[in-house]
Structure formats: structure tokens, C-alpha cells
Protein chains: 2
Amino acid sequence: MPRLRLALAQTNPTVGDLEGNSRQIVEAARRARAAGADLVATGEMSITGYPIEDLASRPSFLSASKQAVQELAETLAAEGLGDLPVVVGHPDGPFEPRLLDTSNAPTAIAKNCASVLLDGRIVTTTAKYHLPNYSVFDEYRVFIPGDELLVVRIRGVDVALIICEDLWRDGGPVGRVMDAGAGLLLVINASPWIADKDEVRLPLVTRRATENDTLVAYVNIVGGQDDLLFDGDSVVVDGSGAILARAPQWEEHLLVAEVEADASANRTLPAGIRRVDVAGPAYSGDDARSPAPAADIAELPDDLEQLWNGLVTGLRDYVGKNGFRSVILGLSGGIDSAVCAAIAADALGASRVYGVSMPSQWSSDHSRSDADDVAERIGVNYSVEPIADLVAPFESQLKLTGLAAENVQARARALILMGLSNLDGHLVLTTGNKTELSVGYSTIYGDSVGGFAPIKDVPKTMVWELARWRNAFALAQGLVEPIPSNSITKPPSAELRPGQVDQDTLPPYDVLDGILDAYITRALGAADVVALGYDAAVVAEVTRLVDRSEWKRRQGAIGPKISGMAFGRDRRLPITYRPSGL
Amino acid sequence: MPRLRLALAQTNPTVGDLEGNSRQIVEAARRARAAGADLVATGEMSITGYPIEDLASRPSFLSASKQAVQELAETLAAEGLGDLPVVVGHPDGPFEPRLLDTSNAPTAIAKNCASVLLDGRIVTTTAKYHLPNYSVFDEYRVFIPGDELLVVRIRGVDVALIICEDLWRDGGPVGRVMDAGAGLLLVINASPWIADKDEVRLPLVTRRATENDTLVAYVNIVGGQDDLLFDGDSVVVDGSGAILARAPQWEEHLLVAEVEADASANRTLPAGIRRVDVAGPAYSGDDARSPAPAADIAELPDDLEQLWNGLVTGLRDYVGKNGFRSVILGLSGGIDSAVCAAIAADALGASRVYGVSMPSQWSSDHSRSDADDVAERIGVNYSVEPIADLVAPFESQLKLTGLAAENVQARARALILMGLSNLDGHLVLTTGNKTELSVGYSTIYGDSVGGFAPIKDVPKTMVWELARWRNAFALAQGLVEPIPSNSITKPPSAELRPGQVDQDTLPPYDVLDGILDAYITRALGAADVVALGYDAAVVAEVTRLVDRSEWKRRQGAIGPKISGMAFGRDRRLPITYRPSGL
């Protein structure tokens, strides 16, 4: 059987950065050549980044993207890499609009494509067939579907080339891989990470391999893009489902694996399958190349470590891709801000993290000392800005009382952080967790202020788990635990009035998170949540809070999405609607 | 030919308010009965409101909606209206998911339906065939498409019943109306208003009438729902394209029109067309009913009046549907806040509008006097809260300079408005216009604060036009002009530093609005904008500002959408991407 040395390149593109993204691909091709590869594959939309959303409806963007693909082919040739086939992902267009243009509306004019570059040219291009349009995906909105299965013949192996969703759906291209007689199924992906994704993704890849009795090479992009996380985790499996190679999560990586594949045969192809002869004669293993290095088979860490590293990746890339150099956040002594500070320090280094303690007259002694403690443990830049003298003029001039007086404290803190951000260019981090954002237990324009919310999709009970995990991880390395144990064990409090604790207002967090998981993530109605065993009055109150605070979440900051159905872009609800518990 | 007396009910539903929306339909049926109608038709999704977005993916919501339809049928019968066919719009489901559920993602399980209610029952139901998924529409995301054309026989007339987008697209149901031998095409709609919508919508209705040589009855919902405006403008045209009846814009209205339609014939229907016999024998015009009243034929006002009334409707409904009773806004003496105050007073009455002048040391004398003047002219509640004593402690404690010092003034004003909102329950209005939001010429968490932005989709040059129009409208009625002429004529200024005017930083507003229209609304790339005749350096700077400020707009407040392609929900761009001018 012919031997094919694959190089799967986990690049970390930034949406729209055609030049930078192309540079990453050239670099990957250089390294692949050095490793003797026959074929380099990059992820879905590796030229433009993913998702491009309505940029796909701008003819100028499509033209520039197409030109970038052409220029990349020429650059590869100029670098002496012209004879190495490189698979890239990119939008193609503009095509004739798919929809009747009824009202000057954006209309699908692009296709989501994979192209093979060789000899300074775009040799062939194929388009994604199944366009996901659920959860975070809007592809049917902006793309025209493809209508074929492409097979590229490379060194005697017929490689079926498909894109992401086409692997997930029965029927369509993946159902024709056997008809095509392909020796290898190559899938290029921009597959967002969510908790437990490995429980569905790897089994799918191995199922497709065994169903088709063929090798599968799966390449994914890596990195954070707004509230999406791409984890990489590219993999090669054989027709028995065995893993031949696996790339690490969260890192740019070139995964090289030499495989033995069925030789191509000149069978007659049914309609809808197109074959293009791309490159060179088959290798049989006795060629003069240096032997293939042993393939990496990375091991996935446990769930909490995956999550922590994902949150670190999301923050690091949001900061870097948006041109910030540093972040600033309030340190209250509580668990949320301590965990955010630790994530930020892991992402950027402590020297680029600025913590500010902003005590009020209601702040307890332990809040101040715990804030000092977290700053010292993590080693962030630290300052103390008491708010009493800032708040008093508002209270007296406006005669604020009750909730209005509580909120002005949170808002004065926001003004401090934004003022220091304006002075020194720090990105402000919002430290709110998913639980409090869900029920509106925060002050709009107060503690909700910030450009990025590292834990906006992490429930409170999981924030504690993460803190314990991160401390244990430090201990195991003989390092200082970053989170003060007091921040983990003390009762949470907003400290906006004397003696206040969260559970004055909210049910116990384990109950609350259970109800929120059922009502939001699992999309159950209130009656079904009660049927799970929760108290009806508590469910009624929690669903009322969720329905009422939907508009706040709409205005919420960007932060990584970690669950299957969360807030923000993948949960679209009206702002004006009657709270109903449905 | 049989005579059919139609009643088209422009109701104003609130999303999710199943009970309130159903009450509106019962009330319309009562009035239709009093007018001797044979058939009542309400708009698309009249039971649930539109758009329901991801509520369509919640089984509990679908079950409750279906139950509401059944209960409405029973209520109509109990009210003695059981023999009057009533067409309602609603989601139906849950059905088997359309998509493979790959990752716990929401999946289409609903159809967008029209049902005929009669004799206490849901007699028949049909589903929308074309699901729009562009601009503000997400229907392919949440709905399963229909697969038929339904014809309901009512008093000897075959009525083809279709839903909104199915009228716009050639092919599908509207292409089969002649095959069905329908005497009347009834279209139920939730058709958002945008500027110049009447230039496409009415011509489409008349085209479908003449193409099919048949009567067309077009019924639309009315009112504001978050950032969508529905204008009503329901209409009946005959097979020659002549208007027989037309409802006014922006008002709940029952449009009654008696038409003569081709009699039904028992022709054999091709596959894909389904006919249901719904109600009673044909009338020929010699029945005992009182004669039909002369049908209303409302005239559309000119463009600026339509726009003004749309902005008033959007504000009124956002406030009312969200349970607020009053609004508060800053009055700077400038044109934007004056126009917003006038819109708010027209929407709610001046007694429910609270204006606050918040002068700083940099405020000019004319700012204070113009703010006083607008408050007096419009008659809103008015107070003055100087900010000097509130800002000084921040400046001195944080040593703020430059932009940071400018922004803290805007943010202190936001704290005042939010504090007063928390004290008295007012909704805070954001007074920013589309131009300044597009280029980021505002302070985040400062003047951008608020729950609703009445003019967020109105370019600055059009704000001036609106002000002049509203003043002329008042004059023509012999009333006081609401907008001080000085607010219209003086150079715009943020007044955050001495002598500052907008044009220190921005190109002239007519140039700026021209570039923004080309770059954003018409989706041209920077090179194409330059080709229109704009200065290349100015275009480069403006497109840079737009690309940079996209994330701010993402966090922007809700406000009515008035153009074909604007900000917010119908323009989806990545937050993290390289500014490029593409």
C-alpha cells in the first residue's frame, strides 16, 4: 500500500487578518517540508479565521480573501514549497445571490471552501455541503451550500476532502466516501470546544473511520475568537478506529503522521463525486526520505484542566488579537475575582495584570486582607482605591437610598477601573460568573463593566471547583496556591450593605446552579424543572429572575463559551417578552 | 360572483404574552362580527408575537403556544363567535428535530404556522414554506419548512393562505395560486418596517395580484418589538392591482372590506395543494346583512412623518411592553437629546418624561439655556444636577488627565441617570445617533448608557431633518416648536473640554454620513467608497473608526431599526478582527 506522510497544522487565525493567517500557513508548510510531509492540511477558514459572520456578505471581503489564497499559493512556490500540496480553508465568492434580495438585506453570496494549493496555483476547490445554523453557527445565513464530494489524488492515494459539519451529518459527502473508493478521509474543521466535547467528537471520528473502513485525518484550528474557543485536538485514526496521532489541545502544533493507505483505483465515479489528480507518484515506503518521526499521541487532561486551559486561551487570545497589552480588574477578596486574576496571570504573566482593591465602608476586614493576599500570591500589580470619598458626593447630591445607594458603590468602582483603563490602556475584565449573570445578581454599569468576562459561562459551583483544582495543581508543582483558601470557604457577599450575603437573596448555589442548568442549558420549562425535584416556589422565583435579566445578558461582555447552550450568541431570546417560565 | 366580507386585524402582540395576544384577537373578532365579517385574519405569529427566536426551540414554549391556540378557539366559541372563521399565526410543535443534534445544540423542532379556528376547534393548519434567514430574520435557524399550499374554502371562495416570505419569493406556494384556482390570496405577515419599505412592499402585493389575476388580502402586525418596528399598513388589492382598502400605519386597526371573488370550482388539485372546506354557503350580495361600510383607504404620510411615527411607536412599545411607566434622559442643549425628548413626549406624554441637565465647568452658557428651553417647550419634568462636585474627587484621587478626564465627566452623568432610575424606576434613554455610534464617538459607560436608544439607527444629518420636520409639524398646528432653533443650528459639541466641537475629530457630517451609508448600509469596501468620490484619507480614517468601534455597538442599547442594513441584530460581525476597510 502507498505511504503518505501527513502534516496537520493547527494554526491560530484571527478573523480578517489575511496576511497574518497566511504567514502561519507558510510557516507550517516550511516545517512540514522539513519533516518530509507529502501533504499539509490546515483548518476550516484558515485563511480568514472563523466565524466570519456577515463579512461573508461583503464582496470586497470575499475578493480580498480569494486574492489572499492566490497570493499564498504564489508565496509557497516562491519559498520552494510549490510541489507540496497545501489544503486551506477560505470563503469563495461572490457568487450569484442564493436568496431573492427582498429588502436590501444581506444575502448569501459566498461558499465555505477548501482548496488545494500546488505549483503556485489553486488546483481545485470544493464547498461545504451541510451548513450548520444552530447554536453558535450561522452558516446557512451567510453561505451557499456545496453539491459534491471532492476526491484529490495525492501520491497514489485518493483523499476525500470534506469540511467540518459534513463529517457530523449522515448523508451528503460522508455517505459517499466508500463510493469514491477513498483511501483517506481528510476533514478540515473549525470545531468549537465545549465541556465534554471529546465525548462526542473523537467517537464520531472513529465511527466514520470504521463505517468507511478508511483512515480519517481530522485537523482543527486552535485559539480563542471572541466567545468561541477552538481547542485543536487534531487526530489521525485508522480504519479500525485506532488513534495513530493526536495533537495537544490549545497549542499551535504541526502533527506529522505517516500512514499506509489503500492505493487509488481508476473506478468509475457516480455523479456528484469529482476526482482531481493533484500530485506525484505513490511512495511505497522504500523511498529515500528520512524515516518519519514517531507520531505524537497527546493525552487529554481531565475536565477541569481542559476547562482552565480553555479559559486561559480565550483570555490570552482576546487580549492579544485586539491589541491590548495588559488587563485590569477589581479584587474584592471574593472567589470570582481571585479566579479571574489567576486565569489572567496564567494567560499573560502576572506583570501584565493590574488588580485594584476598592474597599467601601461596608467592606469587611477579610475582604481587604483576602484581596491583599490574592495579589501577593499571584504577584499582580496591585493598588488600593477606597471609594468612600467618591461615593459620598453622589449620595448626598442625589439623596440616594436603598438599591440606588448600593448600586452607586458598584458604579463608582466601574468608573475607577474605566478611568485607569483610559489612562494606561488596560482591558477591563468583568469578573461575574454565569450564575449571577443568569439571575441578574449584579449591577449594570457597575460590576458588569468590562470588555471581557473570563468566567461568564462558568457557574458559581464550578468556579469553586476550578479554584480548588488550580490550587492543587500549584501544590503538586511545589508552588504557592494562587487562591486564598479563605476566598474559597467564606460565604459569598456583594458587600453593598452591612452584613449582606448572596444567600439573603438567592437560593443555595448548588440548588440555583441545578435549576439554571435545567432551565437554560437543557431548555426545560419551569414545570419540568419542578418535576426534577426542585421546590416549586424556588423554581418560579429563579425563572422569573432569568427571564427578567435576559436584557442584561444581552448587554454583557464577551467571554468564552464553555457549555453546549449558554448565554449570548448561541442563545437568542427576545428582550421584550413576558416572563413565563416556559 | 360570491361576496366575502374580510376583516384584517392589525394587532400589536408582545412576544410570549399568550394571554394578552389572544385577548387582542378575541376583541378583533367581536368587532369583526359587529361589522358582519365572514372571515377575520390576524398577522403572522399573532398568538406569540414576532420574532420568538430561540423560544421556538423550547418544547415547553411550543406546548403552551399550541394550548393557547386551542383555548382561543374555545373562547371564541364561548363568546358566540364560533361560526366566524379566524386565521391566526403561531408556532406549531415540537416536531422531530430537523437537524442531527450534534452537540446538545438547539435544533429546529417548530413550524411557523397559520391556523383557521372555527366552532371551537383548530380546523386546519399550514406551515410557512420559505424561511427567511438574512438581515433581522433567523427563521431557518428555528423553524422546519412547510411543504404545501393550503386552500381554505370559505363561503364559496377558495382562499389560498400563505405566510409572509412566501409572498416575496417566486416559486413555492405563491407560484401555485393559479393551479389552486384560488379566488383570494390571503397573506399573514410580520413584516418589519424600514425606510422606503412602501416602495417595495405595495408594488409586490399588486404584482402578485396581477400575476395571478386574483384578489390579495395582506395583513400585518403593528407595533414595536425590541429593535423591530411593524407598521401595519394592511391592504386589500384586486386582480387589476387597484387598492380596495388600506389600514393606517402604526395603529391597531380592524380593516373591513367586502370583495367579490371568483367562485370556487371543484377542480382536481395537483399534488402539494391541499383544500379544506371551512365555512358555509356563498353569499351573492343579496343576503340580509347590513351593507358593508365603505372601506378605509388610508394614505401614507411622507417619509419623515412615517419615520417620526415609527420612532415614537418603537419607544412607546418598548417602555410599555417592559412595564416601565416613565423615561429619564440627559438634556445637553444639543440636537440629539432634544429630538429624543420630543419623541419620548410624543410617545408617553411629557408628564412621563424626565429631563436632567448636567452641566460641567466646560458647558457653555448656551448649553444650559438651550436645555432649559427644550424642557420648557416640551413640558417635561426637569431638574439640573451639576457634575463638578461629583467629578472632582475622581480626578484628584485617580490623577485623571486627557481622555480619561473627559470620559469621567460622561460617566458621572451616567451615574446620575442610573441613580435616579434606580430611585424612581425610570427607563434611561440613550440619546446617541447612528453616526456617532458607528465611529465610536461616545463614551462607553458614559453617554452610551441606557436601556433604549430612540435614534440609534438615525444618522446625524437625518436627526436635523427630523427636528426641522417636527418643528414645522408643530407650527402647522399652531403649536410651540419643541426643538429650540439654536439646538438645530449650532455646531455639535460633546463639551468635555474647553472649546471642543465634533468637527475637531470628525469629518463634516454630510461627508461622514455619506461614507457610512456606503460602507455599512451598502456594504461597499473602502476602495469602492473612494471610487464614489470621497477623499481616500478620510475614507481610511472613517472605516478604521467603524471597524474599531464594532465591539461598542455590540454592547449598545436597544433601539428601533429603520434602515435596510443597520447595526445590531441584522449586522453580525466578529468583535475580534483586523480593521481592514473591506
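Just so you know, glycine gets a Cβ as well, placed from its N, Cα and C.
Just one of B:THR431, B:THR435, B:THR443 is listed by TrEMBL for the same ATP site as B:GLY330, B:LEU331, B:SER332, B:GLY333, B:GLY334, B:ILE335, B:ASP336, B:SER337, and that one is B:THR431. Here the domain 'CN hydrolase' (B:4-261) has a mean pLDDT of 94 out of 100.
If you take the Cα of B:GLY330 (ATP binding site) and the Cα of B:GLU44 (active site, proton acceptor), they are about 38 angstrom apart, rounded to a whole number. The recorded positions listed here (B:GLU44, B:SER332, B:ASP336) include B:GLU44 as those with a Cα within 10 A of the Cα of B:CYS164 (active site, nucleophile). Same-chain residues at least 6 positions away in sequence with a Cβ under 8 Å from that of B:ASP336 (ATP binding site) are, in sequence order, B:THR431, B:GLY432, B:ASN433, B:ILE455, B:VAL463.
Between the CA atoms of B:GLY334 (ATP binding site) and B:GLU44 (active site, proton acceptor) there is a gap of 41 Å.
Sequence-ordered, the extra residues of this chain that approach the ATP site, with Cβ no more than 8 Å from the Cβ center of B:GLY330, B:LEU331, B:SER332, B:GLY333, B:GLY334, B:ILE335, B:ASP336, B:SER337, B:THR431, are B:LEU329, B:ALA338, B:CYS340, B:ALA341, B:ALA371, B:VAL374, B:SER487. In the three-state DSSP assignment, the secondary structure recorded for B:GLU44 (active site, proton acceptor) is coil. Across the residues the record lists as binding ATP (B:GLY330, B:LEU331, B:SER332, B:GLY333, B:GLY334, B:ILE335, B:ASP336, B:SER337, B:THR431), the two Cα atoms farthest apart are 12 Å from each other. Classification of B:GLY330 (ATP binding site) by DSSP places it within a strand. Under a cutoff of 8 A between CB atoms, and with a sequence separation of 6+ in the same chain, the neighbours of B:SER332 (ATP binding site) are B:SER357, B:MET358, B:SER367, B:ALA371, B:THR431, B:GLU495. Within 10 Å of the Cβ of B:THR431 (ATP binding site) there are 27 other Cβ atoms, across all protein chains.
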